[in-house]
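According to TrEMBL, the features are:
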ACT_SITE  His514  active site
ACT_SITE  Asp562  active site
ACT_SITE  Glu571  active site
DOMAIN    113-584  domain 'Glycoside hydrolase family 9'
Amino acid sequence: MHSANHWGGSFEIYSGAESTTDDEKSRNIEWDKAALQPHHHHLDETQQSWLVYPEETKKKKYVDLGCVSCSHKAAWTWTLYAFVFQLLLIAPTTILAKTLPKHESKPPPAYNYTLALQKALLFFNAQKSGKLPKNNGIPWRGDSGLQDGNGTGFSKGLVGGYYDAGDNAKFHFPMAFAMTMLSWSVIEYRQKYEAIGEYQHTRDLIRWGTDYLLLTFNSSASKIDKIYCQVGGSRIGSRVPDDHYCWQRPEDMDYPRPVQVVNSGPDLAGEMAAALAAASIVFRDNKAYSEKLVRGAAKLYAFARDFTRRRAYSSGNDYIATYYNSSGYYDEYIWGATWLYHATGNISYLELATQPGFAKHSKALSRVSYLSVPSWDNKLPAAMLLLTRYRLFLNPGYPYEGMLIKYHEKTELNMCSYFQQFNEFNWTKGGMIKLNKGRPQPLQFVANTAFLASLYVDYLNATGVPGLFCGPQFISLDLIRSFATSQINYILGDNPMKMSYVVGYGTKFPRHVHHRGASTPTDKTRYSCTGGWKWRDSSKPNPHNITGAMVGGPDRFDQFRDVRTNYNFTEPTLAGNAGLVAALASLTSSGGIGIDKNSIFAALPPL
């Protein structure tokens, strides 16, 4: 991963409780049942006059042919001649056309979400670090990173997990987010994963990540005081052998891989807690492992809430801040507490998730537009949607109802902001919403947002709600779903470049993906740090397609450069693919339509 995360902007479609002007009131998004009733209009005198036609006066039977007027008899004569002429002229052409083979125009492409989902999951197999299972299914990948974390003092070191992107670094913050997203999609759409034969595969991918996350802190201790947050990486402008300067397959790495450790980091710990808690719900059928995950999540969240450790995990660390800099940690407080409540039923976590102070410090209810965009750095839209789900299905009432209503209202504001007519975000001419303000690598934000929109449709469908109001305008569930499908279809090929941005899906997709393993041939040659540069700089397509990888995406003008060294276009990421998988799972009709309403609540006590 190469780019930092910088945001800015204002949230326009919003009206707080203090709004007083008529214009502000018109922007409130609320249930206005009167707006659904038909309007009866009374015609004024002018409108009535449009319906009064002047009486026709009796005219002579002449026909106007444009340049002359003639009698009906002459007109019939001319018409007969014209008919005979057309018959002689057109009949042979018609007969010829009937005898020639037909070439029907091709119908618009149908996007196979199931196929795309199966491919997108394979990307995670290609990103595995450590000793690979025999059924990993990626023939050009092998064991790697077997010495990672040797100096940590842990018996297993930090072997395993996932490489983040096209380099060989392991960033634990976005890795944890990716595992949370995969787990969430499995919890909601288990029946779909089972129908397409990917349920066990996806569980294996989640466990590969959570097993690794359990290695990054002392899960056997009653209280933890540090977390290992990264393996490998580099500083910007580095000219020494490291994960960016060198171009080597993971199997061939022979340079130092420093480990980053933090003694504070509520953002990192909160996200890791969310990942383990969500995964514990996925693995409820394995009681011992599920309980292990819950215990680890609770320790991580306690670390996050420790008053003496409240500093961003990336603060002052050049190995992290350039790539995955955290903009705050109160969103992870809400996110982690929400998942822990669903995993444990412990009411204290719900109290934290609905604490007004968390909403204030995270600016959850603010007018800032970028906070409606879900990402590895901003969990607010996802956390508020998950709490809205809780309100829709269980309606807990006092004392949580006040904050839950606010989160529900903000969720609907977020949904409204995604529609082009409200001008909250710019759009490309080709139909992609610019959720990251036209900056590079837009598709990960598009995929995450499509997932939330599609998931919200399933929530409302399950509760019999037909849509929502954006100010005075009613937005049906079909329109919300259409937004989600339009964005995923854009990723899969419905774009001005007429190419799929998911490798291996369709016939036209990126062939020069910025990825060390995929671009270096497996020819039994061990290329050195700089010896691999020739593969980095080669104009030839990658010898291996990294199937299922969603690349960074086009620029703000819908243009895409399939160039390996231009990572803003061609580099995939773990977090981006997790959002894509979740969105595709929500949209595929395989296994039926809708969510599993109840299994997420299995640990919750009766209200």
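Residue 1 is the first one shown; counting continues down the chain.
Using the three backbone atoms N, Cα and C, a Cβ is placed for every residue, glycine included.
All annotation found in TrEMBL is predicted automatically rather than curated by experts.
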Sparsest Cβ surroundings (other CB atoms within 10 Å) among the active-site residues Asp562, Glu571: Asp562
Cα-Cα distance linking His514 (active site) and Glu571 (active site), given in Å to the nearest integer: 5
Asp562 (active site) and His514 (active site), distance between Cα atoms, whole Å: 9
For the domain 'Glycoside hydrolase family 9' (113-584), the mean pLDDT of the predicted model: 97
Cβ neighbour count (within 10 Å, all chains shown) around His514 (active site): 26
